[in-house]
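Visitor: Before we start, here is the structure in question, set down as structure tokens.
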Amino acid sequence: MGFRRNFRRVLRKWKVIVYAVSFILLLQAFFTFQSSPNLIEEEHLKRIKELQIRKHQELAQKMLQGERSLVDGKIFLNPHDPGFREQFFKHANDSINILEDHDVGKVAKMEKLPSKLKPHNFEEIQFEAETKIPSIVKYQPKCEITLKDSLSALSRATSDACKQQIADTACKMQDNTLFPESMPRTCPHENKFKFDAPMPATFDPDLRPVRICYMLVVHGRAVRQLRRLLKVIYHRNHYYYIHVDKRSDYLLREIIKETEQYPNIKVAPWRMATIWGGSSLLRTLLRAISDVLKIWKDWDFFINLSALDFPIEKDEKLVQYLTKYRDKNFMKSHGREDDKFIRKQGLNRVFVECDTHMWRLGERTLPKGIIVNGGSDWVALNRRLCDYAVFGNDQLLVQLKHWYEYTLLPAESFFHTLVQNSDMCESFVDNNLRVTNWNRARGCKCQYKHIVDWCGCSPNDFYPADLVRLHTSRPVFFARKFEESINQEVVNHLDFKLHGEYPPGTPGLHSLWENALRVNEKIPPNCDLHVASVLQVEMYKKDEEFSGYVVTFDAGWLKAGESEEVIDGSARVQLQALLSHQPTLRMLDRTSALSKRLESASVGTNWDIKELVLRDWGGLIGPNSDLHLVARWSRSDDDFVVTVVVIDPVNVVADYNDFRTPSKAAGVTETPLSLKKPLRPGRWVVRFYVQRQFTNICAELDFYVTPLEFKDGAEGDSQLREINRGVVDDAQLNAASRNLYSIRTTLNLPHNNLAATELANQAVHVDGAKLRRWVDAVASGAYKAKDACLVAQATETWREAQPRRCYTPRQITPNLCENLNWSSMSPDPKSEMIPVKPDGRIR
């Protein structure tokens, strides 16, 4: 009874709560029942999902089985159904929600595709497990590449287009579809034919003299040497077609100006960036031949020269010789066994040119039925051969052009092989009419390995001691190479020998000027060197004078194709630069007493009153710096009062001061500048007057306030906006609250509203490239990079790091730092730690 009575008492007390809980449970059960799907509907949804998944899997399997081909730059993964890709994309878009459902089967998550997919936006589809997942990759190999050289090339190539070209070529190599197995030969001779063309004892005066079309392939900056070559080979009966390398803008502008007056000299309106050994060299030659065939109708021979060639015989003798053999073609063949030549020349290898590099992809078999011949790419071709090489379309020519598109040094054997296997083989003369100065011990150092996967050779420059090589048993009319910047005497010797010496006293005969820099010259895109990180800054003094800062830094070239400043991690070098402080003191009235006594002046921070020096070495000033004007005076019996006026970047007087020069002694004066902070960034000016004679400015001194890029070591602080703008109110510029009205009225300086607006616009940026450019622009007013050097053991470090797209012929490589006196890498015996000597000392 007691238990029952207690239970009723508790039930009465908690009755309301029990009813409430029961009601909530009933509501929850009701809504759960209402929201649950009908079993039939649930089964129907499940079947729809399974059907869609199965359809997608079948489609994926078809994709895997489909072939891949490249048609008009678009990739179709199943050539049997050109609309298959669009069908796949549409189905994929419709099935996105199902493919992302992790509760259904083993469907992997697929990255959501754009709503409107176009074939050329899609590069590759990859699948994983049973259900393959489409994904975008950088380039699309059409096969599994196994060739070792091709894999190496792919790992080193940078652009997607280049990788695709390498991969496509490698796949064709692997399935033996890149080259024909054989080519036709129409030469009536079984072996190579060579016609002997000696120098005739006499010439027939009744023969029509031949007219020559010279093609000059030039690059670099030696415009004076090119002008000199044109001068000695020029004749009004000949024609001259000049191709200027795409990277030689200065040379192009100069040569266009120089040749305007000559109707028989044309500069090619197109330009290629040719590289040593590249297939682009042959394309350049063939395109030039096509041009000159259309431009001029009456030339007989095509001769290619470079700016480093020079004639060793007069033009009249060359014309007579070619007139005698007007139906011949002059090419120098190799002087060794064919097999050895083919191996050394790399003709049994496949090469592809892209990214300004010749990539070796693997071995190949030479085509059957023809004789492969070659030697030098400097030739003299008659018009008939030129017309055939450009406009012919027979099987031999078409297949040879294709074969040489994948050949190293194609210009050195294309014309040789074409002639030897055509019906013009009897026109082949084994002589290219020139002498080349070979010194293989010095010229074969694999110096082109940074642009070609091969070790090549290059001829040497002629010196006077090499002139004996010009005497040969065969007829020769040109020699190479000559560089006046290396030796001008040998060029003078040949010039004077052919055309006589200039009159005595002619100026400039033994002088040379060669352009090194031209303002506003274009450079290859993304080929500026950018600072990656500053490693060290050292103050440098010479003969007790501050000479600047030596900055050690890592630098690199930007990645190809990047719109932002993204430095390629593999294209870096370590450099040192000497940043020299610009002289900023100008004496405007040299007759004044002030100009006669003032030796130097500077504005800076960290004034050392004990040593009477500014210890910030070079005046590195920011918006929050406390500034001091320090002047050094020579001895004089007279002293006087100096008035200095400080003018800010918007041409507003910010401070003035009076002080007396040292009396009857040399000395230093220091004047604190009372300027309200933050200082306005930009160029400030201090004017020197004698005893407030404001009509006569005796001297001016510039100093620069640099905006801040960091605050408390961090970028992007919003306070930088206010700091870098400086004091906004002109009335608040002076920290000492001096009344500047009188002096401002006296000087009557116009307010620079444009500078004020520019300052406000620049101060908006608290981080990013625009702020950095502003900092650099202001700092460059105070400092200039006087010199730079390479921190390395050898200059090859520069070439190995430099991107191939930035390579330019005859480019300037920085000096090694250890060879420059200003560099901290140069020897310093007085402070070098050495092993202990026998006397126990290291000094």
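Note that Cβ sites are derived from N, Cα and C of the backbone, with glycine treated the same way.
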Visitor: Look at the UDP-alpha-D-xylose binding annotation in Swiss-Prot, where V217, D245, T274, I275, W276, D377, W378, R480, K481 are given, and name the residue from S290, S458, S473 listed for that site too.
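Guide: Of the residues offered, the record points to S458.
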Visitor: Candidates are C143, C187, C213. Which one does Swiss-Prot pair with C171 through a disulfide bond?
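Guide: Matching partner in the record: C143.
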Visitor: Which one is it, C425, C444, C527, that Swiss-Prot ties to C457 with a disulfide?
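Guide: Matching partner in the record: C444.
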Visitor: Cα-Cα, whole number of Å: C171 (disulfide bond) versus N821 (N-linked glycosylation site)?
Guide: 55
Visitor: Round to the nearest Å and give the CA-to-CA distance linking C457 (disulfide bond) with C446 (disulfide bond).
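Guide: So the Cα of C446 (disulfide bond) lies 7 Å away from that of C457 (disulfide bond).
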Visitor: I'd like the number of other C-beta atoms within 10 A of the C-beta of C455 (disulfide bond), please.
Guide: 13
Visitor: Distance between C817 (disulfide bond) and C425 (disulfide bond) at the Cα atoms, whole Å?
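Guide: About 56 Å separates the two Cα atoms.
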Visitor: C425 (disulfide bond): which of the disulfide-bonded residues C143, C444, C446 is the nearest Cα neighbour?
Guide: C444
Visitor: When the Cα of C446 (disulfide bond) is compared with the Cα of each of the recorded positions N304, C789, C806, which one is closest?
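Guide: Closest recorded candidate to C446 (disulfide bond) by Cα: C806.
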Visitor: Using Cα coordinates, what distance in whole Å links C789 (disulfide bond) and N821 (N-linked glycosylation site)?
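Guide: That comes out at 11 Å between the alpha carbons.
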Visitor: Could you tell me the mean pLDDT the prediction assigns to the topological domain 'Lumenal' (36-843)?
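Guide: For the topological domain 'Lumenal' (36-843), the model's average pLDDT rounds to 81.
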Visitor: Taking Cα atoms as reference points, which of the recorded positions C187, N304, C455 is nearest to C143 (disulfide bond)?
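Guide: Its closest listed neighbour, by Cα, is C455.
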